[in-house]
Amino acid sequence: MSLLYGKDFRPPWPLRSGHIQTMLSSSGVRRVLLPRAAKTVLQGAEPVVVDGGSGVRLTGAYTAQGTRPRSRGLAVLFHGWEGSVDSTYVLQTGSRLLADGWDIFRLNFRDHGDSHGLNEALFHSCRLDEVVHALGDIARRYPARPMALAGFSLGGNFALRAAMQTSRLGIPLSYVLAVCPIIDPGAGLFALEESAPWFYQAYFMRKWRHSLLTKQRAFPEHQFFEISELKQHLRGLTESLVLRHTDFKSLQQYLDGYSVAGDAMQAMQIPATILTSRDDPVIPVGSFETLELPPNIELDIAEYGGHCGFIRDWGMTSFSDDYIAGRFNAIADAESSIDRVAAQASAPTAR
């Protein structure tokens with residue numbers, strides 16, 4: 001099967017609207033309309049607590065494939081901000097890869113899903129070390145190879161940053177794919193405030209405040225925020241988080257701390273793909289167009305798709321599922337071919 005590219009995504013009208021794509025991507029309507037096959041990753045899923053290092057614990061779910069005699073490999077999936085291992089797009093992608101013979105690990109970031117009570121300190125976007133440490137723990141527990149990683153939105157940003165560290169740390173990650181990742185956090189914050197319709201910021205703020213209140217209930221002895229701070233908009237509450245709960249001296253320093261803009265990804269040592277859309281109302285496409293990428297990173301900008309949408313039709317199936325599966329399978333097939341050649345080369349010659 002040939003690989004898909006962003007230019008191949010041509011949804012019917014009105015799914016050519018980036019706003020409709022974005023709103024449907026995580027909607028309850030989509031979850032209801034999805035075929036049962038899009039949720040098979042839930043069947044037999046094993047809840048797991050993984051080691052994030054320094055006493056940090058992160059939750060996740062592991063599902064072993066049963067369609068092939070031997071697994072294609074281990075696929076690890078990262079959700080977006082205020083998403084979880086049970087977000088629709090994570091379940092859909094996981095189920096698609098499971099059907100192709102991949103073992104699946106879905107990881108929750110700190111304070112996502114129902115994990116607020118596991119770690120006392122709050123989640124923020126610069127907590128990369130614990131995610132990388134968790135990847136190492138996942139690789140040790142589940143030895144199927146190759147190991148490939150996909151992330152969405154903020155999870156795509158985490159995936160790209162983590163992948164730049166895995167080679168140095170001996171974590172056997174073979175490939176990373178990011179869908180609509182945050183590239184320049186400052187630009188994304190400005191876009192949500194200034195150019196995106198008001199309901200996007202309202203949506204994220206409602207979910208974030210709910211998460212912070214859940215955290216407060218888990219640790220009633222701490223006051224994480226004043227009520228007046230929780231009433232702020234995105235920029236104000238983010239700045240309060242930075243100044244109260246991180247070592248960064250300013251909001252801008254924090255935003256720079258998880259940026260992958262400019263030439264930051266020159267450090268990537270493994271094959272990588274970035275898929276985004278020109279009509280994404282959350283992450284400005286200009287951030288992608290100014291990237292300075294090494295030849296091992298593929299940048300694919302589709303005309304349509306919104307933010308992590310890429311919904312094909314009113315059946316709510318996703319183009320990005322097949323896009324990810326095609327590239328993951330190509331990596332697995334390539335590594336399998338290399339292994340066969342190596343085995344033949346090392347076999348004793350008959351005399």
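Glycine too: its Cβ is placed from the backbone N, Cα and C atoms.
Here is what TrEMBL says about this protein:
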type	residues	note
DOMAIN	71-285	domain 'Serine aminopeptidase S33'
ACT_SITE	S153	active site, charge relay system
ACT_SITE	D280	active site, charge relay system
ACT_SITE	H307	active site, charge relay system
Structural state of D280 (active site, charge relay system), classified by DSSP into three states: coil
Model confidence over the domain 'Serine aminopeptidase S33' (71-285) (mean pLDDT, whole number): 97
Cβ atoms near H307 (active site, charge relay system) (within 10 Å, other residues, all chains): 26
For H307 (active site, charge relay system), the three-state class that DSSP assigns: coil
